[in-house]
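**Q** I have a structure here, written as structure tokens, and I will follow up with some questions on it.
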Amino acid sequence: MGPYTMTVDKGHTNTAFVGDEAINGKKPPQAKTIDPNMYTLEIQEKKPGLETEYDPFQHRLVEHPTTNNETLIHLLKGSLGTGILAMPNAFHHAGWTVGVVGTLLIGLLCTYCIHLLIKAEYELCKRKRVPSLNYPAVTQTALLEGPDALKPLSKIIIHVVNVFLLIYQLGTCCVYVVFVSSNIKAIADYYTETDTDVRLYMLIILLPLILINWVRNLKFLAPFSTIANFVTLVSFGIILYYIFREPISFENRDQVGTMSGFALFFGTVLFALEAIGVILPLENEMKTPKKFGGNFGVLNKAMILIVTLYVGMGFFGYLNYGSAIKGSITLNLPEEEILAQCVKGMLAFAIYITHGLACYVAIDITWNDYLKKNLGDSPRSVFYEYIARTVLVLITFLLAVAIPNLELFISLFGALCLSALGIAFPALIETCTYWHYRKGMAKVWMIVRNSVIGVVAILGLVIGTSTSMIEIIHTFGHDD
């Protein structure tokens, strides 16, 4: 996830359609808030007189639909950010040969699972005669269409998905806090000739973080987000200049890393590659949504570009800096050069803006989906909302203070959340969606294939999460 979440990140919440227009304070006609526990029960009912073929694409009333190229750009924006800056470190853990092959394979797996998700959403929308479904609703509806043994889980699965999304978004915000404070520290320590604890800089930026998250309408952050996008693009160009300024050498560069290193690599690549929260909202607001999937569709074009950029940044970044590479490649840029310090400052600003956008997603889930419903029409609801916003920011701050390590945070939340959201759930959704519709060997092949994907996801989640936790304990035990 990068400093571009603003366009689409709210798409995982319990709103049938959310995109640029929702962020700008407008909602298309079909963008109505729904009860997560009642929505799929309502659309399960067969409606008389509607026996004709239903095409969800023809019923999506989008006020300002996006073109294929615009969707491609939004998808690229949603996948480029702090993750790509951590790729050289990921290659250091895995070795450059394993890093290249592993990133390609993980990218292929992620792309395949996204295809499973969008195809299942389309099929479920056709059956239930609704224009679109968000991620939690797709998961719930799929379970109701699947084996009888899984149907009782349909009432809680939406909350399970929301919990994973909430943990991931809060974890992303923790990464942003560490990233911003680490880069500010790198600049300040050089000019003050001191070695100040990074936690002090976290404390300094706490109030600005709270204030930016008090912005209830994200349209007020739109100009800053545009600036952040431009700043990030320029910063990436400067980083590439520093990478290729020196001759590339394979000397003392590992081809293959350790098993524990690969587990950290897996989590980091997942965190960097996966933009699962943006997929359905982007596809739902396209002018020609049929062009999103397919062999030469927007998704495949975007993922080819994204994986190529990630492999390039990881490969050449690791070859340039070797074992000295840090959690973010920005921290390896020469301290004595003003241009390098400008890059750190510009990206710190861009990611600071992104914290307000990413935390907005966590706020939306916590407040709109849960707390607001319990409070009802309380006259103090706005006051309570500000309290909720402040508490969520404090949670991200306290986690960052407790574990001020960028690379371990990225690996932990990538393995913990995206193994489930990006790999396991799409396989489960496809299996349940077609459980009663595929027969014979086609059904057997689907079950076997998705079971293998599920095992990979579970292994990635368990091993990646446990390895990251062990490294966190070891690192801070050593510090003590």
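Residue 1 is the first one shown; counting continues down the chain.
Including glycine, each Cβ sits where the backbone N, Cα and C put it.
Positions annotated as domain 'Amino acid transporter transmembrane' by TrEMBL: 65-465. Residues or ranges marked as transmembrane segment by TrEMBL: 94-118, 156-178, 198-215, 227-244, 256-280, 292-318, 338-363, 383-403, 409-429, 450-473.
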**Q** Residues sitting near the transmembrane segment (94-118): Cβ under 8 Å, six or more positions beyond its termini, same chain?
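**A** For the transmembrane segment (94-118), the far contacts come to 87, 135, 138, 250, 253-257, 261-262, 265-266, 269-270, 273-274, 276, 279-280, 283, 292-293, 299-300, 303, 306-307, 310-311, 314-315, 318-319, 422-423, 425-427, 429-430, 453, 456.
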**Q** Are there at least 3 C-beta pairs under 8 angstroms linking the transmembrane segment (409-429) and the transmembrane segment (198-215), leaving out pairs fewer than 6 apart in sequence?
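**A** Stretch pair does not touch.
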**Q** Applying the under-8 angstroms CB criterion, which one of 338-363, 383-403, 409-429 scores highest with the transmembrane segment (156-178)?
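**A** Answer, by Cβ pair count: 409-429.
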**Q** Sequence-remote contacts (6 or more beyond its ends) of the transmembrane segment (383-403), Cβ cut-off under 8 Å?
**A** 170-171, 173-174, 176-178, 181, 199, 202-203, 206, 209-210, 213-214, 216, 355, 359, 362-363, 366-367, 371-372, 375, 409, 472, 476
